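*Asks:* Pasting a structure here, questions to come.
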Amino acid sequence: MNDALKTYSIGIGWFLLSLVSSSANDVMSKYLGTRLHSFEVAFFRFFFSSIVLLPFVVYYGKNTLKTSRPFVHILRGLLLFFGMTSWTYGLSIAPVTTATVISFSIPLFTLILAVFFLNENIIWQRWVVTIVGFVGLVITLKPHAEDFNPEMLYFVLAAISFAMLDIINKKFVVKESMISMLFYSAIVTAVVSIPAAANYWLTPTLFELALLFILGSSGSLILFLLLKAFSMVDATATAPYRYLELVISAIAAYFIFNEFPDKSTLHGAVIIIPATLFIIYSEKKAMSKKI
């Protein structure tokens, strides 16, 4: 194996580990959401996340937390609160694989928001593919089916919130340290969650607390794994592997919750995945032309 292939293989390996961690997050969130309210899950998740990040703040020094954009951090925290509580609630009522497929639609929402907030010019082919992708999203949600649950729309609210976070990150991440972005987001989200969590409070068991701690730590772990992956391979090279998360989620959901993806979820995935892949590669092509 030559050095280039070895580096590529290791980079993809790091990326696959991030997918496993992401799927594990959904599984833990679903399990916790069966008893604890999503507000309480969000509170503990980001409370523990801020605790885990404290040693890094101490190590890199207080200057790491200096920011000239406190309102941006507050906005990110609010979006994280809406996104994560909606996502956790959605997981409590829907299969994990459905959530995974809907998460693939986030780039579609990001593309639309980029037009309004980043003044990006979008070629007509990407608009067509985006519309096709949303058709896949509608198929996954099954709004006209007799067994349609309107609460599934919480996933859509979460996807929009995460897309807005992507827009903010694109605009400000180069102007803020990674530690400050993570720490302030965790603190703000935890604080915002307190009133809502208190209203639906159920004292977690020791096992639930352990899962909540792992959930709070995993956000930083996923970021670490992604940074390791992207230090070895181009982000675009990892795009096709992103959709292996559906396989990982399906296996985990089957053995833990006895869930199996229904036809609508699979049909939606067949449409959404090519659409988002086209958007990712066309964005890469557009960026290379600018360079």
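Every residue, even glycine, has its Cβ placed from backbone N, Cα and C.
So Swiss-Prot has the following annotated:
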type: TRANSMEM; residues: 4-24; note: transmembrane segment
type: DOMAIN; residues: 21-141; note: domain 'EamA 1'
type: TRANSMEM; residues: 41-61; note: transmembrane segment
type: TRANSMEM; residues: 74-91; note: transmembrane segment
type: TRANSMEM; residues: 98-118; note: transmembrane segment
type: TRANSMEM; residues: 121-141; note: transmembrane segment
type: TRANSMEM; residues: 148-168; note: transmembrane segment
type: DOMAIN; residues: 160-280; note: domain 'EamA 2'
type: TRANSMEM; residues: 178-198; note: transmembrane segment
type: TRANSMEM; residues: 206-226; note: transmembrane segment
type: TRANSMEM; residues: 237-257; note: transmembrane segment
type: TRANSMEM; residues: 260-280; note: transmembrane segment
*Asks:* Would you kindly check 4-24, 41-61, 74-91, 98-118, 206-226 and say which stretch has the most C-beta pairs under 8 angstroms to the transmembrane segment (237-257)?
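*Replies:* Per the Cβ under 8 Å count, 4-24.
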*Asks:* Counting by DSSP, what is the helix, strand and coil composition of the domain 'EamA 2' (160-280)?
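*Replies:* Breakdown, helix to coil: 103 helix, 0 strand, 18 coil.
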